[in-house]
Each structure stands twice: as structure tokens, then as C-alpha cells.
Amino acid sequence: MKTLSVLVLCSLAVLCLTSDASFSSQPAVDTPAQEGLFVEQEQASSVVRQAPKELSLSQLESLREVCELNLACEDMMDTSGIIAAYTTYYGPIPF
């Protein structure tokens, strides 16, 4: 019975020492910026970014007019759609 109580006390001592070591290894943080309340502007804008809206008919028509000037873009427009063709040949849609 004595050995059991000694083993329990030793295990509690080891447990207390290791838990104190894990708390003391982390520095005390006093400023809210280091606690994660603030994020970088790029991260915040990617989280808050709105979903893209659907294009109106006049916007699609202006994309079609630009794409009709390039024969390869016009062929792709007929098979893949105006948005895919425009973004492939001219980059992101400006509006």
C-alpha cells in the first residue's frame, strides 16, 4: 500500500511539473494584436470578399463584341461560352 501511494504521489508530481513547463514555455501575451483579434488586410479582404454578381445582358454583349474581333476567341465562345472565352484570351472580366 505504501508503494502505491508513493507511485501516485510521484506521478502527480511529474504531471504537475510537466503541465507547469508547458505553461511557462509560452510567453505571456498582453496585446490584443498578438492574441489573434486582428488579421492582415489581405486575409480580411479574402474573407469578406463578396460573391461575384451575374453579368447583365449589356455587359455580356460588350464582352461578345470584344471577343468577336479575335477568330480563336469567337470559336471558343461558340463552344465554351462567352465568359470562358473572354477570360482565356483577355484575362479577368473588368466589371
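Our numbering is plain: 1 for the first residue shown, then up by one each step along the chain.
Including glycine, each Cβ sits where the backbone N, Cα and C put it.
Copied over from Swiss-Prot, here are the features:
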type: SIGNAL; residues: 1-21; note: signal peptide
type: DOMAIN; residues: 45-91; note: domain 'Gla'
type: MOD_RES; residues: Glu61; note: 4-carboxyglutamate
type: BINDING; residues: Glu61; note: Ca(2+) 3 binding site
type: MOD_RES; residues: Glu65; note: 4-carboxyglutamate
type: BINDING; residues: Glu65, Glu68; note: Ca(2+) 2 binding site
type: DISULFID; residues: Cys67-Cys73; note: disulfide bond
type: BINDING; residues: Glu68; note: Ca(2+) 1 binding site
type: MOD_RES; residues: Glu68; note: 4-carboxyglutamate
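Shown on the structure are the features that Swiss-Prot records.
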residue : record             : DSSP (3 states)
Glu61   : 4-carboxyglutamate : helix
Cys67   : disulfide bond     : helix
Cys73   : disulfide bond     : helix
Inter-residue C-alpha distance, Glu68 (Ca(2+) 2 binding site) and Glu61 (4-carboxyglutamate) (nearest angstrom):
10
Looking only at the domain 'Gla' (45-91), report the model's average pLDDT.
90
Go through Cys67, Cys73, our disulfide-bonded residues, and report the one whose Cβ sees the most other Cβ atoms within 10 Å.
Cys67
Euclidean distance between Cα atoms of Cys73 (disulfide bond) and Glu65 (4-carboxyglutamate), Å:
11
CB contacts for Glu65 (4-carboxyglutamate) [other CB atoms within 10 A, all chains]:
9
